[in-house]
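Database features, via Swiss-Prot:
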type: DISULFID; residues: C94-C147; note: disulfide bond
type: DISULFID; residues: C108-C142; note: disulfide bond
type: CARBOHYD; residues: N98; note: N-linked glycosylation site
type: CARBOHYD; residues: N110; note: N-linked glycosylation site
type: LIPID; residues: G154; note: GPI-anchor amidated glycine
type: REGION; residues: 51-154; note: region 'Globular'
type: REGION; residues: 124-141; note: region 'Cu(2+) binding'
type: SIGNAL; residues: 1-25; note: signal peptide
Amino acid sequence: MRKHLGGCWLAIVCVLLFSQLSSVKARGIKHRIKWNRKVLPSTSQVTEAHTAEIRPGAFIKQGRKLDINFGVEGNRYYEANYWQFPDGIHYNGCSEANVTKEKFVTSCINATQVANQEELSREKQDNKLYQRVLWQLIRELCSIKHCDFWLERGAGLQVTLDQPMMLCLLVFIWFIVK
């Protein structure tokens, strides 16, 4: 009786651990009711300023301070002026199926240079330290971006695809221990 009860508990724990309950969205009736919803602007009403914000390589400036090492002098300059620097880059170069990390980072840097050409050339005349910190920041922001399919190529277990295999493995181990 004790082993049977332990097996039931093991089965319950396995089902809870490997079920996709966390990915299920709880949806009520509110998503069907469209009361007090604002009408989305038509594409003819979109201004050039709005279009410029979402083009690939555009800077995201929200005033956040990032944890990046720029060297002693660069760190002091960044600490004092971090609000002037971007804290993100709009870029999604994952549309190509076989893009590598190096190619992705290079195209992100190139797109950022094209999108922000005016700001990069204007600031270049003013301050060399600003330029050095900005370019290092751009390289860092592009290198931390990733494509989801890179994770699928990795050696780790894919959670969604390997759940049945893990469940079978646990049941097999349970039968061996039993």
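Using the three backbone atoms N, Cα and C, a Cβ is placed for every residue, glycine included.
Small disclaimer: the values here were computed from a predicted structure and weren't measured.
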C147 (disulfide bond): secondary structure state under DSSP, collapsed to three categories: coil
Spatial neighbours of the region 'Cu(2+) binding' (124-141) far in sequence, C-beta under 8 Å, 6+ residues away: 66, 68, 70, 73-74, 77-78, 81, 84-89, 105, 109, 112-113
Among C94, C108, C142, C147 [disulfide-bonded residues], residue with fewest other Cβ within 10 Å: C94
Site with most surrounding Cβ atoms, counting all protein chains shown within 10 Å, from the glycosylation sites N98, N110: N110
Across the region 'Cu(2+) binding' (124-141), average pLDDT on the 0 to 100 scale: 81
The region 'Cu(2+) binding' (124-141), counted residue by residue under DSSP: helix, strand, coil: 17 helix, 0 strand, 1 coil
DSSP residue counts for the region 'Globular' (51-154), split into helix, strand and coil: 64 helix, 4 strand, 36 coil
Cα proximity to C142 (disulfide bond), best match among recorded positions C94, N98, N110: N110
Between C147 (disulfide bond) and N110 (N-linked glycosylation site): CA-CA distance (Å): 18
